């Protein structure tokens, strides 16, 4: 829950001793986190594929956005090249993202440059965010900003946040919230500017904010005011021939690509690993069944109604339809000391089916990593393989 409360200045350090009779505002969660969460909620709802953060600074927002599976291109632009160099590492893939890769490719790039310069590599984006950016622009740059962002880049959606000057009297000794701010607008000033921009470039705009004022001060509005611009018609317009000409004025400072299941090497690695786990589970179960048969001195089929259902070996819960597909597929079998698991059987297990739904495709991906039967229809392993992995013991 978002809250704002008055805290005595003496609780916040020596910097405020001269105004200790005053109160200051503390937001929970912190205001910057509320702004980032607002963007994350938009991404959840609209699932953009291409997202750019103008004035990305320390790249904290980009780091939060890179986890979203819908995003395939994530770009940050900032005028401070040193910040980009020092924070690029935040966006590198973690080890876990190689072990459990994304479904879709993701490329992350940081550019050094001004947000009022045109660069054709930012054309065709679904979402552009400008979080606490415009108040840092001087009057000339502010005048150029709408034409570049809304006119030239023309994304499907733009989010702009900026301080609400009407909230400032609630802070002790505050005129502008940052020494680099060139201005801070009231709600009327921001909404007038934003509405004019929207009308000029064929957008609609809605106003909201984050940072709820403390009780008794509701009349000042949110601490941070936000405009959400959506392109009328809901579709991205095709760049014109002149726009499509390469205009690369930004300097690429950092770029990285994430492993994904769209990359054949990655898909093969994950598929083979999951397949070997499933094969070993079935092999171990068959060994137990043979031991039980020896004890009872009577032959039994590989699977009976009284034995544990094969789908339970996966350590997961399945729908009735999934169980039926597994149980109705070709059964594993033995020939001497060799254990055969049909590919059609393996394809019925949801984890493997998600990775590969086609028998021919699975065969081509695993052929040089596992032993296949002479006709290529089954994986073949030694029944009494000494592999130490025991997934059912976990």
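Heads up, the Cβ atoms here are built off N, Cα and C, so glycines get one too.
Listed by Swiss-Prot as binding Mg(2+) are 132, 135, 136; the candidate from 85, 181, 219 that the record includes in that site is 181. Residue 135 (Mg(2+) binding site) sits 14 Å from residue 114 (S-adenosyl-L-methionine binding site), taking the Cα positions as reference.
Residue 114 (S-adenosyl-L-methionine binding site) and residue 136 (Mg(2+) binding site) have their C-alpha atoms 12 Å apart, to the nearest angstrom.
Each of the binding-site residues 78, 132 was scored by how many other Cβ atoms lie within 10 Å of its Cβ, and the smallest score goes to 132. In the three-state DSSP assignment, the secondary structure recorded for residue 78 (S-adenosyl-L-methionine binding site) is strand.
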